[in-house]
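According to TrEMBL, the protein has these features:
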{"type": "BINDING", "residues": "A:Pro93, A:Ile94, A:Gly95, A:Ser96, A:Gly97, A:Leu98, A:Gly99, A:Ser100, A:Ser101, A:Ser102, A:Ala103", "note": "ATP binding site"}
{"type": "DOMAIN", "residues": "A:64-152", "note": "domain 'GHMP kinase N-terminal'"}
{"type": "DOMAIN", "residues": "A:218-290", "note": "domain 'GHMP kinase C-terminal'"}
There are 2 protein chains.
Amino acid sequence: MTRRSIKVFAPATVANVVCGFDVLGFAVDQPGDEVIMRLSDKPGVSLLKITGDGGKLPLNPEKNTVSAIAREYLGHIGRPEVGVEIELHKKMPIGSGLGSSSASTVAGLFAINSLMDSPLNNKELVPFAMKGEELACGYGHADNVAPALMGGFVLIRSYSPLDIISLPFPADLHAAIVYPEVDVPTKDARQMIRSKVFLKDAVTQWGNVAGLVSGLFMNDYELIGRSMTDVLVEPTRSILIPDFYKLRSQAMKAGAVGFGISGSGPSVFALTKDKETALQITASLQHHLKNISINSLAFVSEVNKKGPVILD
Amino acid sequence: MTRRSIKVFAPATVANVVCGFDVLGFAVDQPGDEVIMRLSDKPGVSLLKITGDGGKLPLNPEKNTVSAIAREYLGHIGRPEVGVEIELHKKMPIGSGLGSSSASTVAGLFAINSLMDSPLNNKELVPFAMKGEELACGYGHADNVAPALMGGFVLIRSYSPLDIISLPFPADLHAAIVYPEVDVPTKDARQMIRSKVFLKDAVTQWGNVAGLVSGLFMNDYELIGRSMTDVLVEPTRSILIPDFYKLRSQAMKAGAVGFGISGSGPSVFALTKDKETALQITASLQHHLKNISINSLAFVSEVNKKGPVILD
C-alpha cells in the first residue's frame, strides 16, 4: 500500500437540474466535504470525530454513512480485516439540497478506495455511494453521488441496471447557489410529490429533459435555459422555499441561463455564462432573503470537472 | 414566379422512436408520398385526383388535408386568390403508423410554398403541417411532420411555444420497417393510452429519452439501443400488433440496435448499423408474419437527410 493516511475533498452537487428529476445532476467546485482517513492496526472502521455538523450527524460508526459505507466497501473487496480511522469535516450545510450526505459519503469512499490502491474506478464506486444515500435519506438515488464521484454533468439513464453517462457542458458554465437557512428534509420533500402524474405533463417534462441534454451537447445556452422548466415537481417543492418565484424572477432578470431548486431544496441555483453574472445573482438573492429576515449562504463556482480530489 | 407546376416527394416518418412519445421522430428515404401541384387561372384550391389510397381519402378539397392546408397556407401568406390544382399520389399505406397523412400534407405544403417562391422555410411550415395532422388524426402532433419537413432526427422540445431541434445521428444508421397489414387507426391507438402514469415510470422514460438523445450526439449505438425502451405506451399499444414481442426478439437476435412500434402502429421498426442487417431483419419479420397468415410490406432505408424534395 502506498499510503497510510489521506485527506479527500468531495464536491457538493445539484441534482435534478430542474427538469431531470432523479436522472440529472452536476457537481460544483464549492462547497464540499473533507474526510481524513488513516489505516490503523486495530481492525474495524472507527469514526474519530465529526466537525462542522452542529452535532446533527451520528457518531455511531454503523449509522454514520461515511464509516458504514467504508465498511461495506472493505467487505466487498474482501478486506474486512482492515482497520481504518475516520475524521469527517463538514464544510457545507446539512439538509440544504446540495448533496451534503453525498459529498461526505463520496469523500469517504474515494479515501478508502485510494488507501486500498484504487481497485475500483470512480464509476464503480457509485453503487456503494448509493447505499450511503439510502442510509442517509431513505432512498438510494444516484443523481448526487454520480456527479460527486465523476465530476461534471451526469445522466443516470437507468437505475436497474445502473447506467451512468457523463454529459458534456459549455466550458464557461457557472453555478450560482443560494441556500436559504430554512429546514427541508429530503424525506419530507419527497413525500410531497404525487406518485401519479398526467401523461401530458410527463411528455412536457421529457421534451425538456431531451432539450437540456441537447443544449449541453450543442453548447447552446438558450436551449439549456428554455429547457430548464419543471411542470411536475417544482410546483410542489417550491412551496417550501420562501419567495421562490420572486427569487427566480430576480435571477432571470440578472442574466441567469436558467434557475431552479437544487435537489429537494431549499437551496436554489442559477446557471450562468460567467462568474460575474453568478456573483450578481447570489448578491441579489441574498439581499432579497435578508429583507424577509432569512439568513442565507451563497456559493459561486464553475461546474466541477474532477469529482473528489486528494488534498493531502 | 419561377414555376407553374411542381412534383414533390415527402418522406414517411417514424414518430416516438420508442421512448420519446410525442417528442421524437425521424424521416426515412422510403416510403413516402408524391404531390403534383399546378397553378391555375381559376381561383381556389381544387383536388383533381388521388391515386394509391384505395378510395380511403376524401376528394372533398375542404376535408382532404393536402388541399385544406394549401388553402390555409395561401390565406396566411396573403394570397387567397391564387388558383391551384392538386394531384395526390399515395405511395405508402394509410393507417400504417408511418406518418402517411404527414407525408401527404408535407409534400403539399412544400409544393405550394415552392410555387410561391418559398416565403417560409421548412421549419416555419411545421405549424401548418400540424393543422393537417389535427384534421387527419384529431390531434395536432408534430413528431411526424417536423421530421418529414426537416429530415433527420427531430426533437419537439415544446409544443407551446413550438420549439423544434434537429438532432445529429450516426451516418450509417438504417431503418428496417415492417408494416403488418392489420388495422390500427391513430385515434383508437391514442385512446388506449392512460391519461395518468406513475411518476416512477415517467422517470424511467425520461432517463431513456435523455439516453437516446445522448446516444445520437455521441454516435453511440449501444447507448441508443439500451435507451430504446418504453415502459409507458408500448405495453398497451403492442397488444394491437400481432406477435409484437416475438418480432422484437427476432429483430434483436438479427442484430438490431433497437426495435419498437412506429408511431401508433401497427408498423414496427428496427434501427441498424448497416443496410444488410436491416434487410435480414425485414426478411425475418415478414417470414414470421407470413407464417401467421398476415400480409406485410417492408421498407429499408437510411435515415432521410433531406426532408421533401422536388422530383420534377
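Note that Cβ sites are derived from N, Cα and C of the backbone, with glycine treated the same way.
With DSSP states grouped into helix (H, G, I), strand (E, B) and coil, the domain 'GHMP kinase N-terminal' (A:64-152) comes out at 50 helix, 7 strand, 32 coil. The ATP site is set by A:Pro93, A:Ile94, A:Gly95, A:Ser96, A:Gly97, A:Leu98, A:Gly99, A:Ser100, A:Ser101, A:Ser102, A:Ala103; from the centre of their CB atoms, other residues of the chain with a CB within 8 Å are A:Ala12, A:Met92, A:Gly263. A count of other CB atoms within 10 A of each Cβ picks out A:Gly99 as the most crowded of the binding-site residues A:Pro93, A:Gly95, A:Gly97, A:Gly99. Non-local neighbourhood of A:Ser101 (ATP binding site): A:Thr65, A:Ile94, A:Gly132, A:Glu133, A:Ala136, A:Cys137, A:Asn144, each in the same chain, at least six residues away, with C-beta under 8 Å from its C-beta. Just so you know, the Cβ of A:Ala103 (ATP binding site) picks up 28 other Cβ atoms within 10 Å once every protein chain is counted. According to DSSP, the domain 'GHMP kinase C-terminal' (A:218-290) comprises 41 helix, 9 strand, 23 coil.
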